[in-house]
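Pulled from TrEMBL:
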| type | residues | note |
| --- | --- | --- |
| BINDING | 30-37, 147-150, ILE176, 184-187 | ATP binding site |
| ACT_SITE | HIS37 | active site, proton donor |
| BINDING | GLN61, GLN153 | (R)-pantoate binding site |
| BINDING | GLN61 | beta-alanine binding site |
Amino acid sequence: MQILTTAAALHAYTETARRAGQRVGLVPTMGALHDGHLQLVQAARAQCNVVVASIFVNPTQFNNAEDFRLYPRVPEADAALLAPAGCTALFTPSVEEMYPRPTVLRFDFGDLERVMEGAHRPGHFNGVATVVSKLFHMARPHQAFFGQKDWQQVAIIRQLVADLSFDLEIVTCPTIREADGLAMSSRNCRLDAPARAVAPLLHQVLEAAAAQVRQGVPPAQVKAAADATLAAEPLLTPEYVEVADAETLQPLDVYAPGRAVVLCLAAHLGGVRLIDNVVVE
Ligand SMILES: Nc1ncnc2c1ncn2[C@@H]1O[C@H](COP(=O)(O)OP(=O)(O)OP(=O)(O)O)[C@@H](O)[C@H]1O
Ligand SMILES: CC(C)(CO)[C@@H](O)C(=O)[O-]
Ligand code: BAL
């Protein structure tokens, strides 16, 4: 596995592969890798000849300086996991390499970003769209792989690709969970033992809500029940629970026949902010 640290080296690597007729896959991450990330690499390797994973804790997408400071960084452990999963090159740029001068770019994704993560993390998706656009330009992948765990992020990136005519395919991979249902997340390692014991409740609440959606229980009632269950747990502070159209992400008052529903939540647990979602087709 090659280690690349500059945009020029990344560009040269993927252009050489392209000229040789090879397909290029890109897996953007912020590191502290777990099986959710490795699944993305494996999916990329199944479809592409070369797979670039990027590890970059992107400062412009953090709306909370403490969250940025505490974000887990374990570069050696990450590098050791990537090659066996099928990664052929690791891109680990510095902040100066990605942002040679402060970015002034501003994206507006309209209603897609006025809800959930966009509403609760001001500037977050501007930072995500900025860094993902840069990675797409630098690597020019045929396909880029993202996790369902960040459902709204995928919707934003699909809009970005359409609006800026990036010539690539976005592939979404399912959420990988621990045995007790907790969605794998780099931030899970910051949970202490009592918080970790409570954490599976997030997925349990989503599954209970999904069952209610399937039974036709009205969205407001589903949301209220989920909120109440989360709020009853003293270690948990729910930030939002949303019952939304899976494509437009807009909150639902009633179900529209034939349209998928996404149940999303964010909650603070022992000082750690976690998100999760479940889709009802
Ligand atoms: N449990 C998971 N299953 C599938 N994909 C995942 C999972 N966790 C993260 N991903 C995906 O991996 C990519 C990189 O995500 P990221 O590096 O932010 O990891 P993370 O575990 O989500 O970290 P955190 O939630 O703490 O920011 C994203 O496309 C994300 O959706
Ligand atoms: C897509 C991403 C790597 C951009 O920094 C990040 O938002 C993430 O890890 O999901
Ligand atoms: N997985 C989304 C990256 C973030 O939380 O900033």
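Heads up, the Cβ atoms here are built off N, Cα and C, so glycines get one too.
Annotated features, which come from TrEMBL, shown on the structure.
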{"residue": "MET30", "record": "ATP binding site", "contacts (Cβ under 8 Å, 6+ apart)": "ILE55, PHE56, VAL57, ASN58, TYR71, SER186"}
{"residue": "LEU33", "record": "ATP binding site", "contacts (Cβ under 8 Å, 6+ apart)": "ILE55, ALA77, ASP78, LEU81, LEU82, SER186"}
{"residue": "GLY36", "record": "ATP binding site", "contacts (Cβ under 8 Å, 6+ apart)": "GLY147, LYS149, THR175, ILE176, ALA183, MET184, SER185"}
{"residue": "HIS37", "record": "active site, proton donor", "contacts (Cβ under 8 Å, 6+ apart)": "VAL27, THR29, ALA53, GLY147"}
{"residue": "GLN61", "record": "(R)-pantoate binding site", "contacts (Cβ under 8 Å, 6+ apart)": "GLY123, HIS124, PHE125, ASN126, GLY127, VAL128, THR130, VAL131"}
{"residue": "GLN148", "record": "ATP binding site", "contacts (Cβ under 8 Å, 6+ apart)": "VAL154, THR172, CYS173, PRO174, THR175, ASN277, VAL279"}
{"residue": "GLN153", "record": "(R)-pantoate binding site", "contacts (Cβ under 8 Å, 6+ apart)": "GLU117, PHE125, VAL128, PHE146"}
If you check the recorded positions MET30, LEU33, GLY36, HIS37, ILE176, SER186 one by one, which have a CB less than 6 Å away from any atom of ligand 1?
MET30, GLY36, HIS37, ILE176, SER186
Among MET30, GLY36, HIS37, GLN148, ILE176, SER186, which recorded positions lie by ligand 2, judged by Cβ under 6 Å to any atom?
MET30
When you measure from the Cβ of SER186 (ATP binding site), how many other Cβ atoms are you left with inside 10 Å?
19
So which recorded positions out of LEU33, GLY36, HIS37, GLN61, GLN148, SER186 are up against ligand 3, CB under 6 A?
GLN61
Around the Cβ of ILE176 (ATP binding site), how many other Cβ atoms lie within 10 Å? Please give the count over every shown protein chain.
17
